[in-house]
Amino acid sequence: MGKGGNQGEGSTELQAPMPTFRWEEIQKHNLRTDRWLVIDRKVYNVTKWSQRHPGGHRVIGHYSGEDATDAFRAFHLDLDFVGKFLKPLLIGELAPEEPSLDRGKSSQITEDFRALKKTAEDMNLFKTNHLFFFLLLSHIIVMESIAWFILSYFGNGWIPTVITAFVLATSQAQAGWLQHDYGHLSVYKKSIWNHIVHKFVIGHLKGASANWWNHRHFQHHAKPNIFHKDPDIKSLHVFVLGEWQPLEYGKKKLKYLPYNHQHEYFFLIGPPLLIPMYFQYQIIMTMIRRRDWVDLAWAISYYARFFYTYIPFYGILGALVFLNFIRFLESHWFVWVTQMNHIVMEIDLDHYRDWFSSQLAATCNVEQSFFNDWFSGHLNFQIEHHLFPTMPRHNLHKIAPLVKSLCAKHGIEYQEKPLLRALLDIVSSLKKSGELWLDAYLHK
């Protein structure tokens, strides 16, 4: 009988071979209307599904045409569950002769990093100490209570008002670090519980939006300090950052502001205004524009609670001024802490590095101490946090020595500095970029 002789009733039909692709072809599919990415050598067409991605379409788009294996593993807790959403998107796999990684990604560094992550799992460093996070939440609520007590007992004079504002700004800053933990799914094993508590902390305790934060912050983690991909370095022409941007602006004779003085006007419009003006407006408009009624309801619950508590002391207008004074104080704290780890590092176009190398190029650490840990929400361990975003922050210091060893092995710089030095480097970095702009503006 011929080849079809054994294909009859009850026989198993041979499965068609999976299409194979070369990196040269995959890299062409990096447009908003045409997105492919690779995970564990499997090729997925995520063009349409990216619009339904819970983390937003942009974070997927940033990896279009690339291997996204380590980013995929870093951001998701239950890989088997999220893997179910990938199955319908599978269109093929890498050709056998193709390397698993594309472009400038190092296979040896990647292999060592994955071994390091396995070591961290074996050390139970992804296991949460729930008492730690309970105490963090408790001390935030205690500060809220102390603030009300001060005004109730001492009245609304200038001194009690200023003290209360500092207490509430501290509470807001700490709530900001805490929502960051839940937003990164680093507290509970189940994503759903992290999402629920995240909405409570960022919404009811801070008046912000969980979805706005997710869509923005995960882009930053996926492509830190990469122009056109990391929203945290989108400075709206107010600052020029790194080396590439000031040179581009200078050569094109772009002068929206006197950037050679940006290290001076930073003190006037950076720390004071980011939260009370830019973030507060952007968050509210984003929730309304996207019709995110759930997050809006959570935010309204914060404002309702705040004004219900403080209108009796200050009246409507006074309570509004009081709120923005608190935001003003918190904004200084937030800006200095978040910028000390990134703005001083490499800021450039995408070089398509492997996960480990890209995170080390864009992040640095601040020395550990009890105060530094508390003050920064453990973001003094920014390197480890960026490498392992779902690792509970109380374990970051435990993996740090192993990260240092891996850096030393591959000749990658591991930067760690004192807190004051880290803060001063922000200003010196802005000054350096401003000088680069001025030189290019005048002479190129």
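Just so you know, glycine gets a Cβ as well, placed from its N, Cα and C.
The feature topological domain 'Cytoplasmic' is assigned by Swiss-Prot to 1-130 (among others).
Under the heading domain 'Cytochrome b5 heme-binding', Swiss-Prot lists 18-95, citing sequence analysis as support. On the 0 to 100 pLDDT scale, the domain 'Cytochrome b5 heme-binding' (18-95) averages 94 in this prediction.
Packing against the transmembrane segment (131-151) from elsewhere in the chain are residues 160-161, 163-164, 167-168, 170-171, 174-175, 177-178, 181, 187, 201, 205, 309-310, 313, 392, 394: each is 6 or more residues past its ends and has a CB under 8 Å from a CB in it. Swiss-Prot lists 131-151 (among others) with the feature transmembrane segment, giving sequence analysis as the kind of evidence.
Swiss-Prot lists 152-157 (among others) with the feature topological domain 'Lumenal'. Cβ atoms under 8 Å from those of the topological domain 'Lumenal' (152-157) belong to residues 313-314 of the same chain, restricted to positions at least 6 beyond its ends.
According to Swiss-Prot, the transmembrane segment annotation covers 158-178 (among others). Residues 133, 136-137, 139-140, 143-144, 146-147, 150-151, 201-202, 205-206, 322, 325-327, 329-330, 333-334, 374, 376-379 of the same chain sit 6 or more residues outside the transmembrane segment (158-178) yet have a Cβ under 8 Å from a Cβ within it.
Per Swiss-Prot, topological domain 'Cytoplasmic' is recorded for 179-264 (among others), and the stated evidence type is a curator's inference.
Taken from Swiss-Prot, the feature motif 'Histidine box-1' applies to 180-184. As a summary of secondary structure, the motif 'Histidine box-1' (180-184) carries 4 helix, 0 strand, 1 coil according to DSSP.
Look at Swiss-Prot and you will find 217-221 tagged as motif 'Histidine box-2'.
Positions annotated as transmembrane segment by Swiss-Prot, on the basis of sequence analysis: 265-285 (among others). Residues 208-209, 212, 238-239, 257, 299, 324, 327-328, 330-332, 334-336, 426-427, 430 of the same chain lie 6+ residues outside the transmembrane segment (265-285) yet bring a C-beta within less than 8 angstroms of a C-beta in it.
Listed as Cβ neighbours of the topological domain 'Lumenal' (286-305) (distance under 8 Å, sequence separation of 6 or more from its ends, same chain) are residues 199-200, 202-212. The feature topological domain 'Lumenal' is assigned by Swiss-Prot to 286-305 (among others), with a curator's inference given as support.
The feature transmembrane segment is assigned by Swiss-Prot to 306-326 (among others). Tertiary neighbourhood of the transmembrane segment (306-326): same-chain residues 148, 151, 156, 161, 165, 168-169, 172, 207, 276, selected by CB-CB distance under 8 Å and a gap of 6+ residues from either end.
Taken from Swiss-Prot, the feature topological domain 'Cytoplasmic' covers 327-444 (among others), and the record attributes it to a curator's inference.
What Swiss-Prot records for 382-386 is motif 'Histidine box-3'.
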Residues in the motif 'Histidine box-2' (217-221) grouped by DSSP into helix, strand and remaining coil: 5 helix, 0 strand, 0 coil
Secondary structure tally of the domain 'Cytochrome b5 heme-binding' (18-95) (DSSP, helix then strand then coil): 31 helix, 20 strand, 27 coil
